[in-house]
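What follows is one structure encoded as structure tokens, with my remarks underneath.
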């Protein structure tokens, strides 16, 4: 299965990542084409990857945001709302609307923090852990397909490059980055 999303731009992007023209100082004299702009390429890459995962999410009636929450909670015994917001890249108001939906489905629970009754901790329920294990098996298979399509060397280079890009502008402590359209 190709990594490209179902909707591709009508005009195929140029192969070169360099701007159309450059001064001798190395500064660009023109704006990079829209199709080669880094934000758009990252969005399209995300869509290409998520295109593979969305059928799995839909089959379990789970949104992308809800899956991110389940993943973080599966890796940790519990997390407070601020930590979930930052780690899942979900704005606090969206998270405050999403957690009750997961509670309604019996997938997560809220408890007060022992040392600070003002803090709320969220954790997976037994049902949430079961769903996570079920979905994880398929997720592993999807990741294996991506690795087969790209090759392990290219995929590892991609992970390193993305790590480098993410260090360019780390969000301030406790601030979640804007939501993606899920």
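Placed from the backbone N, Cα and C atoms, the Cβ positions cover glycine too.
Unlike curated entries, TrEMBL annotations are predicted automatically.
The region 'Disordered' annotation in TrEMBL falls on one of the ranges 1-31, 32-62, namely 1-31.
Helix, strand and coil residue tallies for the domain 'HTH marR-type' (35-167), in that order: 97 helix, 12 strand, 24 coil [DSSP].
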